[in-house]
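J.: There's a structure below that I have some questions on.
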């Protein structure tokens, strides 16, 4: 049940809502720079990722920021009417809140250290939440004759895909950044490894998005390397770099995207972004789970060894006493036997 805010909490909560709304609007502006098909849809729409991260980081109290940000983007950036913008904002808010409550219900953890958490984010956040928002949003556009009925399905599909990519790419990155700290005592080799990973990824994407030969797959080894060595802290930022550079190449029609129609580029870039991001995230999460299981086994082994040592120390005095008693009894028994033998073999009495 939501709790009522006291007068002292109203101001900081209001400022937090306005801040999240401002970040949401800024993310929407960045997303609009990637629009294709005469501004109908963006290849990567980051605002749903911002919305989910805000709810998980600050709680359900910031949901008005999603409505405010979505409404402002629709009115001022997309030049929609107030009625349409209210419908778009309502659809976005309902979709995100429904997915958020379902994620809470299934025990989603913001650490994303279990495969079940990633699967839940994909199913409820990237799929269900964005589908609900797109149905209501595109429905509002259709009622205002902004989208003709024959284009409803394609517009809904493209909008859902771009929003889903925003959830998959942006939300894990922001959840990782929440615990980010400047590393201390990190070996120089480890730092150089991270620099090589980032530099190598940028270099590979620059080359593959500028040559007509389809070589985008060359970035997969770097994503796998980042996921195995740095888990989410390495996989999430590299997935964002790869997706952003691929989207830029698709918008400009360079490299493997040259000469293709807009719809083909849309499908290609969404499939590429989904495959690279999911590959990196799944490997990162499963590696984290494996490391945690290894640490738990080591801890259990250490505790077992400690218990065995304690039992050995507690039983050792009793063992010594028992051994001494056994040795004493054996000596006494041998003495009695020897005396009996001597008595049996002793000199006979007079005839």
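The chain as shown is numbered from 1 upward.
For all residues, glycine too, the Cβ spot is worked out from N, Cα and C.
This is the feature table in TrEMBL:
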- 16-290: domain 'MASE1' (DOMAIN)
- 12-31: transmembrane segment (TRANSMEM)
- 43-63: transmembrane segment (TRANSMEM)
- 83-103: transmembrane segment (TRANSMEM)
- 115-144: transmembrane segment (TRANSMEM)
- 156-176: transmembrane segment (TRANSMEM)
- 188-209: transmembrane segment (TRANSMEM)
- 215-242: transmembrane segment (TRANSMEM)
J.: Who are the long-range neighbours of the transmembrane segment (12-31) in its own chain, taking Cβ under 8 Å and residues 6 or more past its ends?
T.: 5, 42, 44-47, 49-51, 54, 58, 61-62, 64-66, 68-70, 72-73, 77, 162, 166, 170
J.: Count the CB pairs under 8 A between the transmembrane segment (43-63) and each of 83-103, 115-144, 156-176, then give me the winner.
T.: 156-176
J.: In this predicted model, what is the average pLDDT of the domain 'MASE1' (16-290)?
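T.: Over the domain 'MASE1' (16-290), the predicted model scores a mean pLDDT of 91.
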